[in-house]
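Novice: Sharing the features that TrEMBL gives for it:
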- 14-23: compositional bias 'Low complexity' (COMPBIAS)
- 28-45: compositional bias 'Acidic residues' (COMPBIAS)
- 53-63: compositional bias 'Low complexity' (COMPBIAS)
- 1-63: region 'Disordered' (REGION)
- 141-162: transmembrane segment (TRANSMEM)
- 174-199: transmembrane segment (TRANSMEM)
- 232-251: transmembrane segment (TRANSMEM)
- 257-276: transmembrane segment (TRANSMEM)
- 334-354: transmembrane segment (TRANSMEM)
- 366-388: transmembrane segment (TRANSMEM)
- 400-420: transmembrane segment (TRANSMEM)
- 426-448: transmembrane segment (TRANSMEM)
- 469-485: transmembrane segment (TRANSMEM)
- 491-511: transmembrane segment (TRANSMEM)
């Protein structure tokens with residue numbers, strides 16, 4: 001409509017009288033406009049309708065400025081403190097277990113398997129609880145359970161190091177303390193999961209509502225950057241304490257840190273909750289929905305007339321675990337979620353198996369450490385690159401480019417299998433894994449934002465819990481895969497299996513993208529570009 005108002009009728013009526021070259025350029029311009037309109041439709045299909053904005057650009061600036069930056073800063077500080085707790089324990093627990101039972105990975109492997117299995121089993125239930133409880137209740141339970149659990153775990157480790165002969169003198173007491181440390185650590189990890197669902201799947205979305213779309217993108221990226229920074233720096237600080245003081249000192253530091261941090265975390269989070277009215281309004285909705293009577297009470301009058309098989313089926317479907325999975329499977333983000341979970345079924349990370357293999361192949365420890373650091377830095381850089389790509393390509397297409405970029409980087413790792421030089425093969429493995437982190441974390445941000453945008457408010461926490469459960473289940477399968485194929489010389493088999501999982505993830509996400517956009521690549525645009533470049537020399541000569 002705007003185009004018709006700008007062009008006088010005289011120009012339209014005399015279109016056939018234009019010179020052939022100008023007429024050709026006009027037709028080509030119209031084709032480009034049609035392609036741009038089609039591209040805009042593709043982008044609109046990937047995102048839900050956004051709140052309408054006024055014609056003036058000043059309104060968008062006022063909306064963005066209404067989000068208090070000091071409250072966001074408090075949110076980031078509290079998130080940093082909470083993630084630091086979890087990342088310290090995540091790094092230290094393996095070293096504690098190895099030193100408690102030297103020359104054996106059994107305790108470390110048992111803890112990793114138990115933690116992954118617990119998250120896989122209880123993840124949907126935790127998501128259901130976060131969805132039902134109010135924000136303040138979840139916040140208190142999360143912070144108290146997480147910090148108290150890590151404090152108890154650290155204190156138990158200190159007791160084990162104070163009595164180093166306990167394993168030989170009183171094996172029952174030794175196993176009991178190890179079990180207590182493991183159980184406390186698992187409870188702390190499950191509490192961390194509840195906090196992750198609350199902040200990343202709920203608060204970030206509620207805070208960003210009514211603001212420009214890039215606010216949600218930037219907030220997601222900052223939250224992920226905080227987590228990855230803690231993942232990089234917490235092991236460095238803990239490693240210095242372990243190297244220059246002792247393991248016992250690191251366990252004491254872990255306990256003291258959790259005692260001191262819990263109060264600060266609660267104060268910062270509550271300042272955000274009280275300072276942003278949208279969080280209070282959303283919290284009231286949750287409270288009202290919890291107090292309202294459930295729909296379709298299975299114990300009503302009609303329940304007695306049903307057959308016993310129907311009763312059993314209804315009871316089975318009403319279980320939190322089953323009902324959560326049913327909600328997850330109905331989502332339009334099912335394929336992206338499964339694709340993201342498949343990336344956890346891998347040994348192509350700087351984890352225990354890959355580190356042990358690199359040492360077996362003769363790579364110095366300091367080079368492995370440098371490779372791990374470079375990998376972490378590249379992962380952190382993904383949180384800065386993602387907002388730029390998302391603003392240019394849309395959330396859906398950014399995920400497509402990211403997962404295939406990760407796949408292309410891991411091709412280098414697979415190619416190193418057939419390299420005769422063992423050292424060169426190891427360096428190719430390190431380079432491929434490190435560079436693939438950019439695609440991995442950009443894909444993670446893309447899938448998370450799609451779930452935030454496209455999952456209903458009443459299902460967000462449930463879907464988040466099931467997603468973490470699925471990821472932990474596949475992570476557990478990775479541990480099992482490492483136990484079955486345990487020899488360092490057979491690491492190439494694990495690499496191929498991991499690469500196959502990444503390939504499957506990329507294909508599933510490509511199928512999802514094709515379903516939404518009805519195509520993957522604009523081949524017609526490539527043809528138009530080729531034709532334009534082919535005609536450009538003739539056009540230039542005729543113009544001259």
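Glycine too: its Cβ is placed from the backbone N, Cα and C atoms.
Can you walk me through where each of these features ends up in the structure?
Specialist: Residues 75, 79, 82, 85-86, 89, 93, 96-97, 100, 107, 110-111, 114-115, 118-119, 122-123, 126-127, 129-130, 135, 138-139, 141-143, 145-147, 149-150, 152-153, 156-157, 159-160, 166-167, 223, 461, 464-465, 468 of the same chain, all 6+ positions outside the transmembrane segment (174-199), place their C-beta atoms under 8 angstroms from a C-beta of that stretch.
Cβ atoms under 8 Å from those of the transmembrane segment (232-251) belong to residues 84, 87-88, 90-92, 95-96, 99, 154-155, 157-158, 161-162, 373, 376-377, 380 of the same chain, restricted to positions at least 6 beyond its ends.
Counting only same-chain residues 6+ beyond the ends of the transmembrane segment (334-354), those with a CB under 8 A from a CB of the stretch are 94, 105, 108, 328, 368, 371-372, 375, 399, 403, 406, 410, 413, 429, 432-433, 436, 440, 443-444, 446-447, 450-451, 463, 467, 470-475, 477-478, 481-482, 491, 494-495, 498-499, 501-502, 504-506, 508-509, 511-512.
Counting same-chain residues at least six beyond the ends of the transmembrane segment (366-388), those with a Cβ under 8 angstroms from any Cβ of the stretch are 214, 217-218, 221-222, 224-225, 228-229, 231-232, 350, 355, 358-359, 398, 430, 433-435, 437-442, 445-446.
Within the same chain, residues 109, 112-113, 115-124, 127, 337-338, 340-342, 344-347, 352-353, 493-494, 497, 501 sit at least 6 positions outside the transmembrane segment (469-485) and bring their C-beta atoms closer than 8 Å to a C-beta of that stretch.
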Novice: With Cβ-Cβ distances below 8 Å as the criterion, list the same-chain residues six or more beyond the ends of the transmembrane segment (400-420) that contact it, or say none.
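Specialist: Answer is 339, 343, 348, 389, 393, 426-429, 431-433, 435-436, 438-440, 442-443, 446, 492, 495-496, 498-499, 502-503, 505-506, 509-510, 513, 520.
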